[in-house]
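So that you can see what the record holds, here are the features copied from TrEMBL:
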TRANSMEM  B:7-23  transmembrane segment
TRANSMEM  B:47-65  transmembrane segment
TRANSMEM  B:77-100  transmembrane segment
TRANSMEM  B:106-127  transmembrane segment
TRANSMEM  B:147-168  transmembrane segment
TRANSMEM  B:225-244  transmembrane segment
TRANSMEM  B:303-320  transmembrane segment
TRANSMEM  B:356-378  transmembrane segment
TRANSMEM  B:398-420  transmembrane segment
TRANSMEM  B:432-452  transmembrane segment
Amino acid sequence: MMEKIKQLLKHPMTLIFGLLIVGIFIWDNLYPIREFSDMENRALTKKPAFSVKSLMAEGDQSYTMKYEKYVNDQFVLRDQWISLKSRSEFLLGKTENNGVIYGKDHYMFEKYFSTDEERLGKNTAFVKEFGDKYADQTTVSAMLIPYSYEALEDKVPAGLAFVDQVARTKEIYGELEKSGIKTLDIFPTMSEHRDEYIYYRTDHHWTTQGAYYAYRQFCESRGRKPVELSQLTGHEVKDFYGTFFSKSKAFNTVPDVISYYDFSTGKIVIDGKETEGLYAMEKFDERDKYGAFLHGNNGLTVLRSGEVDRPGDGSRILVVKDSFGNCFTPFLLRNYDEVWVVDLRYLKEEMSAIMSENHFDDVLILYGFVSFDSYPSVSKITY
Amino acid sequence: MVFSSLLFLFRFLPIAFLIYYIVPKKLKNLSLLLLSLFFYSWGEPRYFPIMLATILVNYLAALGIEKFAEKKALRRAFFLIAVFFSLGMLFFFKYTNFFIENLNGLLRLSIGTLELTLPLGISFYTFQTMSYTIDVFRGKVKAEHNIIDLGAFVVLFPQLIAGPIVLYTDINEALKNRKINLAQIEDGVKTFILGLGKKVLIANNIGALWTEVEKIGFANVSSPLAWLGILAFSLQIFFDFSGYSTMAIGLGKMLGFEFPENFNYPYIARSITDFWRRWHMTLSAWFREYVYIPLGGNRKGKARMYFNLFVVWACTGFWHGANWNFIFWGLFFFVFLAVEKAGFSKFLDKHRIFSHVYVLFLLLMSWSLFAITDLTQLGTFFMRMFSFTVGADWLYYLRNYAVTIVIACVLSTPLIPRLFEKVNIGWLKNTVYVLILLLSVAYLVDATYNPFLYFRF
């Protein structure tokens with residue numbers, strides 16, 4: 001036995017390699033299953049159940065594919081291995097990982113090089129249909145929010161063929177206007193404030209600051225007086241790691257700061273349930289901090305202004321939005337008595353019912369450009 | 001299952017080696033056969049019977065050839081059955097759709113194509129198995145009476161999927177009688193790690209650039225980016241392919257086999273002839289042994305020699321993929337091999353720098369032909385390469401990939417390996433191996449891009 005060990009010690013690579021593969025094999029099987037990766041902000045694959053049927057299934061559904069995914073997702077020290085790769089990539093001078101590009105001042109950008117023309121055309125048509133139906137009853141406005149690379153041009157590496165959001169937005173607006181919809185080109189506004197903290201470095205959303213400038217522009221277009229930020233009490237939450245970080249997992253990421261403001265509110269009802277406050281405060285302590293705004297994405301949210309600050313004219317606005325709207329809508333509480341917020345992805349009611357049962361002084365359709373280019377749920381605006 | 005996966009490294013390998021090393025000598029080939037069959041069936045369990053049939057048909061055919069040594073016609077019949085079966089399987093799975101599509105195009109028919117996935121490694125194991133039956137037929141080697149030993153050769157997992165193409169005569173003695181010793185295992189582990197690094201750290205990394213160029217679209221790239229892209233592909237295919245071969249050779253050593261080398265710094269070749277003595281050596285050797293020489297080689301006059309070369313290179317091209325571009329790719333080499341044979345090689349011998357430029361330029365052209373299966377797209381790509389449109393797109397990619405490209409280029413030459421050989425400090429060398437291994441694992445855990453280039457083969 002001693003002789004054998006002595007022999008093995010003379011062959012260190014065999015020893016190291018053997019210990020590594022056997023060790024990780026055993027450790028992997030003892031290691032508790034992780035349900036969710038905070039770092040990657042996604043659910044991890046668990047051990048698939050074996051059946052003859054799943055063994056013979058095709059492609060992604062096959063047992064062997066699922067099993068391989070499970071081995072990868074539950075690999076010991078997964079996050080540490082990922083961080084090791086990120087460091088090595090840094091040494092190699094790489095400026096991107098997993099479709100996320102590293103720009104100046106620690107800003108990250110997603111590679112968004114082509115649009116889904118069919119989807120974009122359909123979604124434009126859906127919103128037009130909505131305009132044709134309601135633009136003579138109420139004022140319908142639309143706002144497409146460009147992703148950060150457009151306004152923060154000077155932080156983006158040169159030579160990349162990004163989608164020209166400004167030009168594409170102009171085309172879409174041209175169509176919408178034909179259906180009586182007022183369009184809001186916010187690119188000049190964002191560009192004007194590009195030296196301020198208007199977009200997150202590590203996330204695809206705009207910051208509350210960025211949303212505020214768009215809010216001002218909307219108010220002015222509707223002849224309402226925007227609230228000044230100096231009149232509001234703000235709070236900051238540090239260490240926000242957004243979706244771009246979840247994809248790139250860069251070890252040298254500089255986390256973002258999320259800010260939110262206090263508003264006095266009346267009754268808040270989310271999908272039929274009365275809820276406390278505009279923000280899910282516990283979310284600010286978790287990984288997905290942006291999810292705190294409006295308690296995340298919900299089908300129908302009805303916000304009422306508090307007695308102190310409300311205009312008191314019985315005014316009501318409907319905002320049809322994606323997640324970009326979540327940090328935007330609170331500001332509207334200073335200008336409308338009621339703010340109705342619809343996320344078509346989760347909406348259970350029919351739009352036509354909401355429109356016929358309530359009177360809205362304003363309707364605002366607000367989407368991030370990339371969502372508008374990809375969400376099939378926009379069709380529900382015509383239901 | 002592919003070697004460059006966590007599943008293979010941390011599930012299959014530990015279990016396979018523990019079983020293989022523990023079982024007594026008598027059972028080693030049986031354990032190899034069963035483990036290899038499991039490895040083969042993992043991705044496509046439905047093809048398990050095909051592998052069994054391949055083993056059985058060749059086993060019985062060789063026994064028949066041996067038994068009827070005196071009856072020429074019967075002997076020949078057994079041989080032809082095995083060859084038709086092997087080639088038939090290959091043609092059915094790999095080439096049926098190609099012929100249907102061409103027939104449709106030519107005769108304006110509309111025969112439906114088949115929904116087939118290629119059985120793992122069929123191009124490789126078909127050639128390996130055929131070498132056995134052909135050699136038995138030619139009397140070069142005796143028929144194997146033990147079906148377990150033959151089965152272990154046919155489906156041996158290290159060389160099953162992407163070469164090297166191991167002939168039966170390369171390992172028939174080792175199959176019967178091999179000593180597994182620690183020195184060989186140690187050598188195998190090191191070889192395997194180098195291969196893993198080639199594939200995971202270099203090929204995958206640089207291959208992402210070519211994929212990027214494909215995504216942007218050939219019509220939209222600037223000339224510098226087109227050249228950068230095809231350079232990246234050339235490096236990717238070399239490191240991918242030779243990485244696989246190196247891993248296979250390493251695994252072979254760990255099991256007690258010595259497989260033939262498959263690559264010998266092909267990109268430092270000084271002629272196309274020289275390149276093919278260094279690139280995928282076991283494939284060229286196979287075609288020489290089983291096609292070129294039986295056709296008469298160069299012993300039947302000049303004209304016949306060029307014809308034989310033509311046949312071999314059309315076949316070589318077609319073997320790489322069921323598409324016209326692969327046939328043109330093979331014939332592209334035929335043209336330059338013929339030119340060199342006709343006397344150009346003497347000129348190349350005398351002009352050192354020119355010969356390198358000549359080879360590298362032709363290789364970049366040949367890899368374009370190889371990488372782009374759609375001929376219209378290929379035309380667009382060549383237009384881009386030679387239209388000299390200067391854009392800004394290449395700046396970003398050059399900055400992003402410069403270090404990787406330089407590393408890959410340097411490692412395509414023997415420079416670093418020779419330096420490494422001269423170093424005599426054991427622990428330093430082992431640290432390098434450990435580093436490559438750990439980094440490879442890290443890149444596999446966060447694998448955003450880990451393609452398998454050989455699904456076509």
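Residue positions begin at 1 at the first shown residue.
Every residue, even glycine, has its Cβ placed from backbone N, Cα and C.
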*Using a Cβ cut-off of under 8 Å, list the residues of the same chain at least 6 residues beyond the transmembrane segment (B:77-100) that approach it.*
50, 53-54, 57-58, 60-62, 64-65, 68, 111-114, 116, 118-119, 122-123, 126, 129-130, 133-134, 137, 318, 322-323
*Can you name the far-off residues of the same chain, 6+ from the ends of the transmembrane segment (B:106-127), with a Cβ under 8 Å from a Cβ of it?*
40, 43-44, 47, 50-51, 54, 86-87, 89-90, 93-94, 96-97, 100, 154-155, 159-163, 165, 283, 286, 319, 454-457
*With the transmembrane segment (B:225-244) as the reference, which stretch in B:7-23, B:303-320, B:398-420 has the largest tally of C-beta pairs below 8 Å?*
B:398-420
*Who are the long-range neighbours of the transmembrane segment (B:7-23) in its own chain, taking Cβ under 8 Å and residues 6 or more past its ends?*
1, 30-32, 35, 39, 157, 180, 254-255, 441, 444
